[in-house]
């Protein structure tokens, strides 16, 4: 005889949601799909950038910039794609391949500064995360050095979409946040951020000096670019009622470019400014008939621009692994040291 035992129907009402409140097993399974979804979305955006989906020229270009985006339709190796279609092309557009990592890092830093917890209020966290933790240099550079120009980082739809995607994901998924702050992942995420921050620092420097060819504008641009983020983050901490860190804890008083990414970025900008201004044939500060503005000069010396972008990134990867294996595993952030939960 074959005995068939009928299952007793569950009297509890079934929810249309993928998990029910209190059902930790189902909730865990629902959360487990977030990381693969994140990776799929990142790959999709990268593929979109490979097919030419880049942001408008208006984000960085100025009047007089005759340079066009680099690139080739022929087969390219990954390194060739990175050099021509990302770093050099970023002179006249904002590739998603850079934007993805930059906005991701800004949102990770925002949550890190909140003690690894979500931001207390989404209505304030969204704009403050954007202006204080992701694009402070771009916002304040436009305010100080670009006459009659809009805040270009805030007039770009792709930036809004990328930032919002990462804000929602990082703020609401502990699994994604823990993955992004893993030791090895975080080193390369920070290097990804530095690649965009460094090339943008050079291009915003070019734009600031192109409007008025004065050495002082370039020097102050370097100060504003490197100090805006840490200063506004201190102000943001005050808004949350957090204690204000001492300045020497926020950024140690040092000229060591090998140890501190922010110091490296500042002197990288100064070197780029001085070389193009006084050691090139552009005659930037001479007001001669054949003088080039700094944007045009940077386009002529694009190999120097690329080198000044790559060196800080490679140095940071070496710095990150040195700290990981030789200095007790202390994380090194892309700009200043973490003021919140960084150990």
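Using N, Cα and C of the backbone, Cβ positions are placed for all residues, glycine too.
Any TrEMBL annotation is an automated prediction that lacks curation.
Because the structure is a prediction, the values reported are computed rather than measured.
Annotation comment: TrEMBL describes 1-20 as region 'Disordered'.
Here TrEMBL flags 33-53 (among others) as transmembrane segment.
Among the features that TrEMBL reports, transmembrane segment is placed at 92-110 (among others).
Under 8 Å from some Cβ of the transmembrane segment (122-145) lie the Cβ atoms of residues 102-103, 105-107, 109-110, 113, 151-154, 159, 163-164, 167, 171, 197, 200-201, 204, 207-208, 211, 217, 220-221, 224-226, 228-229, 232-233, 235-236, 239, all in the same chain and six or more residues away from its ends. The transmembrane segment annotation in TrEMBL covers 122-145 (among others).
Feature annotation from TrEMBL assigns transmembrane segment to 151-169 (among others).
Per TrEMBL, the feature transmembrane segment maps to 176-195 (among others).
Under the heading transmembrane segment, TrEMBL lists 260-279 (among others). Taking Cβ pairs closer than 8 Å, the transmembrane segment (260-279) reaches residues 194, 197-198, 201-202, 205, 209, 215, 218-219, 221-223, 225-226, 230, 251-252, 254, 285, 294, 297-298, 301, 304-305, 308, 311-312, 315-316, 319, 332-336 in its own chain, all 6 or more past its ends.
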